[in-house]
Amino acid sequence: MSTLRIPIALQQAVMQCLRHYLQLANQHLGTAYPEPKINYHQRGTNAGSAYLQSFEIRLNPVLLLENKQPFIDEVVPHELAHLLVYRQFDRVAPHGKEWRWMMEQVLKVPASRTHQFEVASVRSKTFNYQCKCQQHALTIRRHNKVLRGESEYRCRQCGEKLQFITINPD
């Protein structure tokens, strides 16, 4: 997989946003939490991930490049809030009351669990399977497990084993 280059101006905008919200949090909480590490290695349809123990935020470079400022404004505080909640409260529900409080009361941003960015460019190819009652789209990972004989999947409605039909033209 080739690494996408994130323009320096976009990286600076990410860091400016991160520092703004971290400063807000440190002032509000009376803490001196360090700056988390940021990298651009998140894959798939997730916009970002917070790695709690390593105090690191991973951002999806494709979604960042496609959405720029709206991505920064939404995803950076969202992931930072996860890190801050972990430092402040230890292990709690990922989008629980502590996280909502951190987002809304401390960082002063809406607490949204999921992004609404277009993901067609990062969605993985799927494979069509069928049972008695409907068609199912399996990811490449699940499809490969079926091919290797490591897994079989059944329909939740009828209970029948899924049978491979075709590759989706995504």
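Just so you know, glycine gets a Cβ as well, placed from its N, Cα and C.
The feature domain 'SprT-like' is assigned by Swiss-Prot to 22-165.
According to DSSP, His78 (Zn(2+) binding site) is assigned to a helical segment. Under the heading Zn(2+) binding site, Swiss-Prot lists His78, His82, citing sequence analysis as support.
Taken from Swiss-Prot, the feature active site applies to Glu79. Neighbour count (other Cβ atoms within 10 Å of the Cβ, all protein chains): 23 for Glu79 (active site).
Taken residue by residue, the domain 'SprT-like' (22-165) breaks down under DSSP into 55 helix, 26 strand, 63 coil. Working note on the binding-site residues His78, His82: by count of other C-beta atoms within 10 Å of each C-beta, His78 ranks first.
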